[in-house]
């Protein structure tokens with residue numbers, strides 16, 4: 001039986017990336033510029049796509065959504081982390097903790113779903129080019145995004161609802177820089193068996209589904225490209241996938257590198273590293289990857305900067 005003299009907690013303490021006071025200012029100075037790059041870099045991508053009619057295609061529609069999700073994803077954890085570093089305060093209320101957990105899993109899963117949609121888009125563009133516009137119509141693209149929002153929201157609502165029903169006892173230190181599922185479960189003095197089963201089930205379904213779409217799409221893409229007789233034709237086909245493949249490799253490479261290793265005393269540090277890579281580093285790199293490797297994006301950004309310069313003169 002659970003002890004009856006336990007004290008329920010109304011807030012948690014986020015221990016952050018380091019408990020050493022001398023590291024706080026350094027970490028603040030490191031992550032503030034990174035966060036600003038994420039916000040302004042992804043906003044530029046969104047504005048360039050919206051303002052340039054040449055980019056009103058399925059590929060850039062998904063990229064625009066990915067940039068928006070990257071802004072939301074990083075904003076779920078980084079601002080709170082920066083406030084805690086600056087004020088030396090580690091507290092986060094119970095409701096705020098649940099909200100942060102909900103948003104992190106919502107936007108993190110949406111990231112993987114959008115990467116899957118972009119892979120499907122490239123597959124159809126390369127394997128079925130003549131039917132591309134008919135298959136990837138605005139209605140189909142909209143339904144894919146809306147459907148993904150509904151599915152990922154369902155996952156986050158279920159996780160948050162189950163977590164809200166648990167009881168948390170005194171000694172509520174979370175060894176992380178944000179509220180995540182597993183660290184919270186370890187603090188609970190309720191029976192967490194149901195929550196753990198649900199987390200495992202959703203993890204399998206929501207993790208494998210996008211990855212399977214990506215792998216199958218690229219298998220079909222590689223098979224189709226290898227059938228192209230000319231080297232120039234192969235390069236042209238592959239070049240349209242370069243940016244997306246780079247982001248997919250970074251995203252899933254980080255997950256595999258961390259979570260496919262056996263549990264160890266440094267597992268919590270690996271979890272922090274994975275969260276930083278997926279929630280901060282990759283969203284920061286995405287605008288550079290998609291703008292530096294894409295001629296259409298470069299042109300759109302030049303037009304955007306040109307309009308801004310003209311309006312100021």
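Each residue, glycine too, has its Cβ placed from N, Cα and C.
Predicted automatically and left uncurated, TrEMBL annotations should be read as such.
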Transmembrane segment per TrEMBL, picked from 273-292, 293-312, is residues 273-292
Transmembrane segment per TrEMBL, picked from 83-101, 102-120, is residues 102-120
Sequence-distant contacts of the transmembrane segment (132-151), meaning Cβ under 8 Å and at least 6 residues beyond its ends, amount to 58, 61-62, 65, 110, 113-114, 117, 121, 124-125, 206
Given 25-50, 62-82, 102-120, 237-261, 273-292, the one sharing the most C-beta pairs under 8 Å with the transmembrane segment (197-225) is 102-120
